[in-house]
């Protein structure tokens, strides 16, 4: 019994460590594209769009904010990637064992695609509770430069005269220096809305993570099984995938994850950035998930609900390939 407990603890620690490393690595690659996605989603209810599309968004961000602008809000996603992937892989592994025990199956037996999808959806649902506060901070930071916020005198005093002179053609440089960091954003949310306010937009995160993670894991496992069956020369398990097989099956999973429940993510981003981009009068009725969904559909139709979907899928395919390439590789070497 003691040996089983020790084995479970070691397995859980490995899932957390491997998932964290894979998530952090992929986040450095995908963050500029995620920033672009959030900004495109946040403008759906605006009377006049700031960006004509993903390329225009990336170009304007690079031109006005530089490389630092493309990575605005990165600390929160780095923490988020570590938490998300560690939680996903740990929960996914444990839920698979739970399904096996419930169905009296040996621990070594592979589950069906439907059972894997169920385990993946459960893992996504659990992870969503950890992810919503992190995504709230990330989204608010990613739209900071789109807001014409006044600058405090203290902030202006900290900017040298030479900096202001050099910034004459680009006034946004002065504003950029006064932008709050992730801890300041987090503190402000708690101060103004309480702890509960950190889960603003959670319905969208829950739907996206539950449905998306089910599709993500099921697609990865299905494609991996298919690739193994196409090379019958040597009997292999899914723990013995070649690197390119892990990457390819992960890439397919990345596409399915975002395609399946993308509108939920669009609504979530809109709700989480409303205070910055479309502040409501005091006492006005707060946005609800389904109310926002209907308003966005009425304003821009299906196209509005899929704003930023193209660039999201384009970045999620290589990003997901990186995650599974690293996770499977670490599992084979140290698992």
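For all residues, glycine too, the Cβ spot is worked out from N, Cα and C.
The annotation repeat 'Solcar' is assigned in TrEMBL to 10-98 (among others).
If you look up TrEMBL, you'll see 73-92 (among others) marked as transmembrane segment.
Annotated repeat 'Solcar' per TrEMBL: 111-226 (among others), in sequence order.
Beyond the ends of the transmembrane segment (112-131), by six or more residues, the same chain brings 80, 83-84, 87-89, 91-92, 95-96, 99, 199, 202, 205-206, 208-218, 221-222 to within a C-beta distance below 8 angstroms of the stretch. The transmembrane segment annotation in TrEMBL covers 112-131 (among others).
The repeat 'Solcar' annotation in TrEMBL covers 241-333 (among others).
Away from its own ends, the transmembrane segment (304-327) comes close to residues 18-19, 21-23, 25-26, 29-30, 33-34, 36-41, 43-44, 54, 85, 89, 216, 220, 243, 246-251, 253-255, 257-259, 262-263, 265-267, 293, 296-297 of its chain (Cβ-Cβ under 8 Å, at least six residues beyond either end). Summarising the annotation, TrEMBL assigns transmembrane segment to 304-327 (among others).
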Next item on the list: Could you put numbers on the helix, strand and coil content of the repeat 'Solcar' (241-333), residue by residue per DSSP?
Entry: 76 helix, 0 strand, 17 coil
